[in-house]
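Have a look at the structure below, then the notes.
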Amino acid sequence: MESNYSGVVNGYDVSFLPTSIPDLGFGVPSSSDFDLRMDQYYHQPSIWVPDQDHHFSPPADEIDSENTLLKYVNQLLMEESLAEKQSIFYDSLALRQTEEMLQQVISDSQTQSSIPNNSITTSSSSNSGDYSNSSNSSVRIENEVLFDNKHLGDSGVVSFPGSNMLRGGEQFGQPANEILVRSMFSDAESVLQFKRGLEEASKFLPNTDQWIFNLEPEMERVVPVKVEEGWSAISKTRKNHHEREEEEDDLEEARRRSKQFAVNEEDGKLTEMFDKVLLLDGECDPQIIEDGENGSSKALVKKGRAKKKSRAVDFRTLLTLCAQSVSAGDKITADDLLRQIRKQCSPVGDASQRLAHFFANALEARLEGSTGTMIQSYYDSISSKKRTAAQILKSYSVFLSASPFMTLIYFFSNKMILDAAKDASVLHIVDFGILYGFQWPMFIQHLSKSNPGLRKLRITGIEIPQHGLRPTERIQDTGRRLTEYCKRFGVPFEYNAIASKNWETIKMEEFKIRPNEVLAVNAVLRFKNLRDVIPGEEDCPRDGFLKLIRDMNPNVFLSSTVNGSFNAPFFTTRFKEALFHYSALFDLFGATLSKENPERIHFEGEFYGREVMNVIACEGVDRVERPETYKQWQVRMIRAGFKQKPVEAELVQLFREKMKKWGYHKDFVLDEDSNWFLQGWKGRILFSSSCWVPS
């Protein structure tokens, strides 16, 4: 296409426009030869003609609001040939009037097959002196296209005053009037082509109800349009120009208000969800327990017995043999065993099938990802997903309804902290691994009633930085939510966020410990993620972490650990221990939750599946799941300078009564051993909690 266009188009003067094409997102190359700013003429393309010396720059918000329309127009310009279809520059009013004229010509004169060239009256002004052929020349539009049916007599003469179009290129040597009339009025075939062109052009345009963008359904309005003849419609449009702008402003304001209402409604639902899951009822019981699915465990057992038993598969033996083959480097045998496991396992089957599915994934990743690329890419894809607190809370609520583990861990920790701070005026809690802060709403609720003399609650939340440009975003959001709860219950609050990858390297001044405050250190189920000693290091990071807590000299130190022994350096031993541990967890869910529960599927995949992948497929510093038994941690803590507070037998008995009241499964185990509060499933201890003070 020629780069230099000059001439007259529809009465518009665009000499004031800039000489570069805006980037509309369709890859249109910039050019200084022509510029069609269609967004400036969207509201009234054939009504307002600016002065020649007027420089117009539309507001940025107006351009943004019509960005979708610009994309449609730009796509049309990219796909159509401007040299072959010159009428693309004409406005909709001229097109509509041309249609009416064609209908009248066809109906009045069937004998007249073409319009003589000499019956067309043209008048041009400034034919040669107003334009130049340079690449920086502007296009001056001085044409007025008017159709008045009363001028169409028997002769069918049409008058186009001042109508030289795009003159200046060699291929546009004839006046635009003659080209237009010959192509449109030559014979009846041209009429059919014209209608066919309309049908083709309509494919590029959106539906009628899509011209109002980003409006909610309740905000849509039906605007009646009355078609008038001649200049009356144009005059009415010009008269109501400001009224339409005011109406559009009202629509935009109403849309903003509706969005604010929607956001407030979502916040209200999210707050209600947090309250239901994290707060206590009038009897100091978790509200989520009442609506949980644990009460249906008996029905699930009966339903399972009623079904016809499927052929039993010994997944444990198959998985163990496959792990031994992987460890020995026997890829052929391992692949054969994996195929047998894949035929029977399923992420939505029973407990053993789900367990086999995730362990088979981990074994396959270890077998195929000898260089670590496949393993780490999978692990990063899971860990780097940005999961909102609401998404985690849904899965967390299912875990609470299925098992009492987290509820009793929080109850134990909160009671020990409240006992230590019963007369405190300022309580400072340092929470290692605060994450979303699910532990603290119920604590704040109870603190507001048990200690009316408390002047301030301070919480220092410590967490591993998340991926991205804002590593502290998650823990800052946690602080904001806790602030809202403190305002709600009337507890003065101060929050401090620390993001650190290696917790043993945090400086003492970062905790902002002040004199005359009760200091409580809390670490719930995060010891398993601490780095262990690796070859080449003299000091163990786990011992360094405990030494840091001892240097803080807390009034009370609460620790809850995952009781597992799959931190061994030997793969086969680690695999067997992990298989025993996660078999109990999957069996727990199978006995208390239905197979089709979507939150159960999400929780098993996002948490247990990721942990299994890390334990089995990763090695070295990439393996971050390294749990130890509670007796191993007891030795470490005593060596670090702590002494253990005894667990009251009355407290364990109270927890047993609570668990029976809440309707949990009878196979859950609560016990006390060596001043540790233990929880498990069917005799296997899974979690342990204890309270420590400096010796």
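For all residues, glycine too, the Cβ spot is worked out from N, Cα and C.
Between the listed ranges 15-47, 477-509, Swiss-Prot ties the annotation region 'Leucine repeat II (LRII)' to 477-509. Averaged over the region 'VHIID' (396-461), the predicted model has a pLDDT of 93. Secondary structure of the region 'VHIID' (396-461), assigned with DSSP and counted as helix (H, G, I), strand (E, B) and coil, comes to 34 helix, 13 strand, 19 coil.
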